[in-house]
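A.B. asks: My structure is below; once you've seen it, I'll send some questions.
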Amino acid sequence: MTYLFIPVILLVATTLRYYHNTAVALWHDEAFSALYLRYPWDEMFYRIGLDVHPPLYYIILRLWSYLASDSLLSLRLLSILFGVLTVWAGYLFVKQTFGNKKLALLASLLLAINPFQIQYSLEARMYTLGTFLVLWSSYLMLKALDSEGRQSLKHWAGYGIIIAAGLYTHYYILFSVAAQGLYIAFYFFKTRKLNILFKSATAYGLSLLLYLPWIPTLLRQIKRVEAAYWIPPMDRWSAPGTVWKMMFGGQGIGRIYLAIATLVSILLILYFIKKVRSFTKWYILFGLLVPIAAAVTVSLRTNLYLDRYFVFASLFFSILVIISFSKIPNRALRWFLIIALIGGSLFAFFKNWTDLNIENKPGMSAVSAYINQNAKAPDQIYVGSSFIFFTLKYYNETGIKPLLISSGSLETIPHFSGTALLTNSDLISDISKAQKNSTIWLLWTTGFGGSKPQVPANWKQLSEVSYEDAPGFKGRIVVTKFVVH
């Protein structure tokens, strides 16, 4: 029966991730993914190095684009693919961890419908590649610990390669690798098998060897983030907010619900520790708690705590919850809670879409379509915020080069505003020099802390069109047409 349920679960995962996939406009971070593909390979690597993320996702996305194009659907389809592979890897991991196919099916179903996991399958970013690699490396680690001889060596080698791939995907995966290393240490102290230390050290050595070429770039990126970054400081509601989003996604909820969710989560963790007898339970706990603890610790120095970066740790939270429910002795209560969790996840999924109100918030896609239809050379397009500049560059079909309004040169702009993709030729510092009788299209946003740029007195406004974007932090996208007198 397993062979019947797995395809159904994967189909559900695909359907939910494809649902409204292109209804939300491409945004700043995704524009980076798309625009990297337009550079020659050598310049693409150079510009990735100027940013703050490792390169593997962009390499795979570029190869994917050769087959599937760089349309919005094609870009996001790659994330859907890895999101579905994450569900499959979750099944294999739980089956290997507990030797229970039914439990593995339930865990994979929960991953398939988890709103937080689905949320990041909608973005042309590296998150679902990372979730797949985290679960796949976890599976290989357990296989390596449970096998002997050549089979063990094969699994350890695969493990070393996959964790290197993970580190080339997102730096937060280092925290997941640390959780794996901690579990291997625990496993050694339990079994006293010296060959485990040797083989695991060899796997980590292989991973380090594969990662060595990127370390100089990593160190430069670390300095860049330490110097200035945009993530706000943590507060006492940061962790409770993360706990809620791990299970139900969305853009946030009232604090009373956050407090309740945190209390329930703590009780579930304690119940999990008490009721689950398998030693592998410690890895589930480490996979969840080590990344959170590490992120909090690092953020005491540099603010790096961001909900979406816990999409990797949240895998283990979903697994922990379903395993905890499976240990409830009362069959009726057990299945009531499991069904309620499945129903609650699906309800949250559709509610999150309703809250986005995408029918009335086409945002950048609508504004860009308006500009493409109406702006003609020799019109000029000026953009008031870097957080919509790159998005416009992706959508732009006018043949007009947009210019970003800036008070200074490229060197004066914070790196997190997108300097990796900017040159001084993209900037305009004095818009008052626009020629008489020229037509100016001014694009600006109320999102990302933005507002309407101050325009010269000799600019006469002809029209203005605006659309709300979704989610809400993107604000209202506005295009104002002027003629210069």
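Placement of Cβ uses the backbone N, Cα and C atoms for every residue, glycine included.
For 53-215, the entry in TrEMBL reads domain 'Glycosyltransferase RgtA/B/C/D-like'. For 73-94, 103-120, 157-189, 201-219, 256-273, 279-300, 309-326, 332-350, the entry in TrEMBL reads transmembrane segment.
Tell me what's around each of these sites.
C.D. replies: The average pLDDT for the domain 'Glycosyltransferase RgtA/B/C/D-like' (53-215) in the predicted structure is 97.
Counting residues 6+ beyond its ends, the transmembrane segment (157-189) has Cβ neighbours under 8 Å at 53-57, 126-127, 129-130, 133-134, 136-138, 140-141, 144-145, 196-197, 200, 202-208, 210-211, 214, 218, 279, 282-283, 286-287, 289-291, 294-295, 309-310, 312-313 in the same chain.
Tertiary proximity for the transmembrane segment (309-326) is limited to same-chain residues at least six positions away from its ends with a CB under 8 Å from its CB atoms, namely 86, 90, 93-94, 98, 103, 106-107, 110-111, 114, 116-117, 120, 127, 130-131, 134-135, 170, 172-173, 175-176, 242-243, 245-247, 265, 268-269, 271-272, 275-276, 281, 284-285, 287-292, 295, 334, 337-338, 341.
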A.B. asks: Would you mind listing the long-range same-chain contacts of the transmembrane segment (256-273), meaning Cβ under 8 Å and 6+ residues beyond its ends?
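C.D. replies: Distal contacts: 237, 239-241, 243-244, 247, 281, 284-285, 317, 320-321, 323-324, 327.
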